[in-house]
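*Asks:* Dropping a structure here in structure tokens format, bear with me for questions.
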Ligand SMILES: Nc1ncnc2c1ncn2[C@@H]1O[C@H](COP(=O)(O)OP(=O)(O)OP(=O)(O)O)[C@@H](O)[C@H]1O
């Protein structure tokens, strides 16, 4: 089974994936697979521009967990979307020393549910679990992912509304 672990930067994908790896799951990090598909470096946004169509077409399916903010673009069997309340996400990204514009862009994307919307463009809701990491430990998040994969936890998404964080200007 191929499981995507996606979310806005800072929502905890790498941390949760590391915990799942520690628990014996096979994890593939998308950052290790995009190198041949990088078109250019976007210096202002401190990020790489990836030819996502070619990358998706060239992706070899794996039996395991695919971690990265493009994971929902792959034809996974299940997708977990990690979420983080925008004010807390802002703090997580500030700690990283990201430029203000990059923080604002990611915080706004999170408040607008962009990754979830993209996920539901590609996958039926019955294959999707949304996890609000804001008040959960990394171990708890990993536990929810495990229970979703095993079928113990049903799919669930769409109950988060952080539009207030847009109106208050964060
Ligand atoms: N559930 C959590 N509770 C508290 N802090 C968390 C949680 N998950 C992640 N963090 C913290 O948030 C920060 C960002 O986490 P992480 O690097 O795992 O995010 P990411 O989604 O993989 O980001 P990127 O896409 O940029 O790699 C880290 O400092 C991590 O310790």
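Each Cβ is built from the backbone N, Cα and C atoms, and glycine gets one as well.
Any TrEMBL annotation is an automated prediction that lacks curation.
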*Asks:* TrEMBL records 10, 12, 13, 14, 15 as ATP-binding residues. Which of 96, 147 is assigned to the same site?
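*Replies:* Checking 96, 147 against TrEMBL: the ATP site match is 96.
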*Asks:* According to TrEMBL, which listed range is region 'LID': 73-83, 84-94, 95-105?
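*Replies:* Among 73-83, 84-94, 95-105, the range TrEMBL annotates as region 'LID' is 95-105.
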*Asks:* Can you tell me how spread out the ATP site is, meaning the largest CA to CA distance among 10, 12, 13, 14, 15, 96, in Å?
*Replies:* 15
*Asks:* What same-chain residues, at least 6 away in sequence, bring their CB to under 8 Å of the CB of residue 13 (ATP binding site)?
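*Replies:* Residue 13 (ATP binding site) has long-range Cβ partners 5, 6, 7, 67, 68, 69, 82.
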*Asks:* Suppose we draw a 10 Å sphere around the Cβ of residue 15 (ATP binding site). How many other Cβ atoms does it contain, all chains included?
*Replies:* 17
